[in-house]
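Asks: Below: one structure in structure tokens.
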Protein chains: 2
Amino acid sequence: MFKLTFLGTSSGVPTRHRNVTSLALQTTHNRDWWMIDCGEATQHRLQRLPLSVHDLVGICITHVHGDHSYGLPGLLASASMTGRKKPLLLIAPAAIKAWIDATLLHTELFLTYPLIHIDVDSAPVVHEEAGLTISRHALSHRAPSVGYRFALETSRWKLDKAALQAAGAPPGPAWGLLQAGQDAILDDGTLLRAATFRQTETQRATVVIGGDNDTPALLTDACAGAQLLVHEATYTEAMLQKVGPGPTHSSVQRVAQFAEAVRLPNLILTHFSARYHNADGMAELEAEARLHYSGELFLARDFDSYELDAAGVLSKLPGKSH
Amino acid sequence: MFKLTFLGTSSGVPTRHRNVTSLALQTTHNRDWWMIDCGEATQHRLQRLPLSVHDLVGICITHVHGDHSYGLPGLLASASMTGRKKPLLLIAPAAIKAWIDATLLHTELFLTYPLIHIDVDSAPVVHEEAGLTISRHALSHRAPSVGYRFALETSRWKLDKAALQAAGAPPGPAWGLLQAGQDAILDDGTLLRAATFRQTETQRATVVIGGDNDTPALLTDACAGAQLLVHEATYTEAMLQKVGPGPTHSSVQRVAQFAEAVRLPNLILTHFSARYHNADGMAELEAEARLHYSGELFLARDFDSYELDAAGVLSKLPGKSH
């Protein structure tokens, strides 16, 4: 249903193997994809992946901080230079729109396509299209921040194969006609009606992508019925206590306890402080998470891809991490 | 005298092996360095080099276009996050200052150090400090663009070794005293005056770094007495004719002919269109350059470093290119 690819998993500053925050979200029905946050050099990450900026439908920005937004000007400019024509949605705080307007003006950037801004504060549902509903959920951070909930519902026609077999219609051309919604007549003259043998099968999946946030419980409503939460876990609880409440980030423990409390089946942590970027650091974060969360857990790395299927099962896809 | 390290050598858009424009310029007398232009992900390039943003004295921006400036916000933010306190000079068009001000405002970026803007239009000499004079020279591009001339003059005391030997003073402690400006008395009572045996030796080197520019001859005055020109050469003359005058860039031929005409001893070409980023493309550009220029020629690659010595000799330093 969903494929997620992490373009950047570092908090604040890039390091050699982790870039600042960005995430690509694809749905399985076409090549279109969404981006959530766009730290500097996100376009450079895309060059190493089979994701084209021309298939990008929209960009959701969680909050104004540079490690989540400074890749926007370059990405927008490069899309123009490579000839994009179709509109691009920018779901973002009004300040991001003001900054992009200032960028267009002062750096003489002329876009070859319409950039359509949707103010993240305008309504709880920020985008709706066939089968996909994106809503935003207010978080707690030193700058106004939101999480995005992507709810996907896809329907497809499915033949009642058992009933067809029982009616004396084995697999064959008639099945193709019925699948396409046309009635079929068997060689013996039996009429098979599509309305009888064809049913709608609906699949649903919901993913919640948090922005910077020190209070995971603010996502309780967003996570109702969701199969996956992606959330920042900047440091351990001990480090959060040491750093103090100023940065308004979450610890691994807080996110893990929240995910356990709302019985979320899958959790991916990201946005790690540079102090944890070696193997020991990541092991420390993972150990803290497993202490408080019993579901399927991953700590994201740049270039990691995951698939969430219609049964709610999350799998890490094979492929290189850096 | 000067060390140059290319941080980005691509025109317009980054490619897998070439980033958008930026150049680091060091003088040999300390760790301080200057940056000329700052395309997106320049800070990412610095992570792979022994250049610290804390030793960066100033950034010179040639013009407002994003492929020369979109790395500024992230670089400024990261310098703050890693605790920079000392002032940073930003020699740039007023529009860049306005854009940075808008960035600070809309993305809630608070710098921990003074950012001192020097309007590139304010005066021909944009910066002067002990031994270093930076002047700007107007170019021709679709946005106002300048080249920067870095003139370095360093003086040091040098002993007249031949005269000392003739005076019966072989190498020894007396030489150290004289070098430090103190008179010395030899074992036989001979007085050696520092003023007699110590002379000032002055070394000079001048480098001109062009911005985007379709008329190299505008740098004629800047190149007077210079040993090295670094200039964009976006495509071949044939491609320039095909593309037309709209982009207002230089061809290799035009830059090479100019450098030959003003008898510049060293030329480094950069800012290549992505269409030339393979070996064949670079060979085509180099062949065109050698047809029109007989001096020391290099086509820059990302991470290439060069040293210009006091004799005006330019050498490519050993090290990895990407």
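Each Cβ is built from the backbone N, Cα and C atoms, and glycine gets one as well.
Pasting the relevant annotations from TrEMBL:
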| type | residues | note |
| --- | --- | --- |
| BINDING | B:H63, B:H65, B:H141, B:D212 | Zn(2+) 1 binding site |
| ACT_SITE | B:D67 | active site, proton acceptor |
| BINDING | B:D67, B:H68, B:D212, B:H271 | Zn(2+) 2 binding site |
Asks: Using the CB centroid of B:H63, B:H65, B:H141, B:D212 as the Zn(2+) 1 site centre, which other residues of the same chain sit with their CB within 8 A?
Replies: B:T62, B:V64, B:H68, B:L139, B:R142, B:A143, B:P144, B:S145, B:G211, B:N213, B:T248
Asks: Quick one: Cα separation, B:H63 (Zn(2+) 1 binding site) versus B:H271 (Zn(2+) 2 binding site), in Å?
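Replies: Here the two Cα atoms lie 14 Å apart.
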Asks: So if the criterion is CB under 8 Å to a CB of chain A, which of the binding-site residues B:H65, B:H141, B:D212 qualify?
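Replies: Listed binding-site residues meeting the cut-off: B:H65.
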Asks: What count of other C-beta atoms do you get within 10 angstroms of the C-beta of B:D67 (active site, proton acceptor), across all chains shown?
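Replies: If we count other Cβ atoms within 10 Å of B:D67 (active site, proton acceptor), we arrive at 27.
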Asks: When you tally the Cβ atoms that lie within 10 Å of each candidate's Cβ, which of the binding-site residues (B:H63, B:H68) has the highest tally?
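Replies: Of the binding-site residues B:H63, B:H68, the most buried by Cβ count within 10 Å is B:H68.
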Asks: Other residues near the Zn(2+) 2 site, CB within 8 A of the CB centroid of B:D67, B:H68, B:D212, B:H271?
Replies: B:S11, B:G12, B:V20, B:T21, B:D37, B:G39, B:T62, B:H63, B:H65, B:G211, B:E232
Asks: Using a 10 Å radius around each Cβ and counting other Cβ atoms from all shown chains, which of the binding-site residues B:H65, B:H141, B:H271 yields the largest count?
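Replies: By the 10 Å Cβ neighbour count, B:H271 comes out on top.
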Asks: Helix, strand or coil for the residue listed as 'active site, proton acceptor'? Use DSSP.
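Replies: Looking at the DSSP assignment, the residue listed as 'active site, proton acceptor' belongs to a helix.
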Asks: Within its own chain, what residues at least 6 apart in sequence put their Cβ under 8 Å from the Cβ of B:D212 (Zn(2+) 1 binding site), listed in sequence order?
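Replies: Result: B:T62, B:H63, B:H65, B:H68, B:L139, B:H141, B:A143, B:S145, B:E232, B:T248, B:H249, B:H271.
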Asks: Helix, strand or coil at B:H141 (Zn(2+) 1 binding site), per DSSP?
Replies: coil
